[in-house]
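Per Swiss-Prot, N-linked glycosylation site is recorded for Asn155, and the stated evidence type is sequence analysis. The feature topological domain 'Cytoplasmic' is assigned by Swiss-Prot to 23-45, 104-127, 197-223, 275-299, with sequence analysis given as support. The annotation topological domain 'Extracellular' is assigned in Swiss-Prot to 67-82, 149-175, 245-253. According to Swiss-Prot, the feature transmembrane segment maps to 2-22, 46-66, 83-103, 128-148, 176-196, 224-244, 254-274.
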Amino acid sequence: MLSTGLGLLMLVAVVEFLIGLIGNGVLVVWSFREWIRKFNWSSYNLIILGLAGCRFLLQWLIILDLSLFPLFQSSRWLRYLSIFWVLVSQASLWFATFLSVFYCKKIMTFDRPAYLWLKQRAYHLSLWCLLGYFIINVLLTVQIGLTFYHPPQGNSSIWYPFESWQYLYAFQLNSGSYLPLMVFLVSSGMLIVSLYTHHKKMKAHSAGRRDARAKAHITALKSLGCFLLLHLVYILASPFSITSKTYPPDLTSVFIWETLMVAYPSLHSLILIMGIPRVKQTCQKILWKMVCAWRCWGP
């Protein structure tokens, strides 16, 4: 018999999953629609498509693990799931990093030659860095996952105790996240400095009146700030989710930590939708039509 708290956590997890499913689905459809309309992939559309696709996969992995985690305690399934999960998670982080670099390229305003050179070169240079680093990281992740995993012996149960070697295993698999996270923080910091500099100029010339560039700065920083907060929650909740599944498993703790984790791919999709005016207006129209239809057919 499920307790009230556990049932509430399951309900929250399902709601988050549905929100992310709709949000990421809307972003994928919008990206393809823009491609069909213009017959050309822009950098922004590719980033949004990759980000939404990775979040979509990450959501399903979390829900799959949450629903069937007892079956994944065997060495084979845990190993393969861990490798795929880490690759999808790191790909999602990389696309978010590219989004922050893209915002820097399009929005950042600096007059110094060094910053102008960095603005022109950093985006194209980071494309090659992403490709090379991601290929190396995929190979290392697969190699670590296939050779480092040593399941405990002498226990026929599917539940294995969480030992110290598994901390090192998880640490090595996630070691590829440090570089993109650093690039993300640097580019976000440059956006903050650019916003501060631009605000000082506008305050001196237009009595503090907000303009389109300042609004673009704030929209970008809101998106990046929400991503950073949700990603940190996801990273901090991951080890607790792993330890809560050890024998004997604590279902309440499992649902608490994985509900926090699923908020990362789900809620950030809404933040991205709110930052794209055309998608935001379309979603508002659809919601309004749904409300009107419900009122017409309701009692």
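Positions of Cβ are set from backbone N, Cα and C atoms, glycine also.
The transmembrane segment (46-66) makes no contact with the transmembrane segment (224-244), as judged by fewer than three Cβ pairs under 8 Å among residues 6 or more apart in sequence.
Under DSSP, residues within the topological domain 'Cytoplasmic' (23-45) fall into helix, strand and coil as 19 helix, 0 strand, 4 coil. Counted with DSSP, the topological domain 'Cytoplasmic' (275-299) comes out as 21 helix, 0 strand, 4 coil.
Listed by sequence, the residues of this chain that lie at least six past the ends of the transmembrane segment (224-244) yet keep a Cβ under 8 A from its Cβ atoms are 89, 93, 96, 99-100, 103, 162, 166-167, 170, 177, 181, 184-185, 188, 191, 250, 253-254, 256-258, 260-261, 263-264, 267-268, 271.
For the topological domain 'Cytoplasmic' (23-45), the residues of the chain that approach it from at least six positions outside its boundaries are 51-53, 55-56, 59, 102, 265-266, 269-270, 272-273, 276, 278-279, 282-283, judged by C-beta separation under 8 angstroms. Long-range neighbours of the topological domain 'Cytoplasmic' (275-299) within the same chain, counting only residues 6 or more positions beyond its ends whose Cβ lies under 8 Å from a Cβ of the stretch, are 26-27, 30, 48, 219-220, 222-223.
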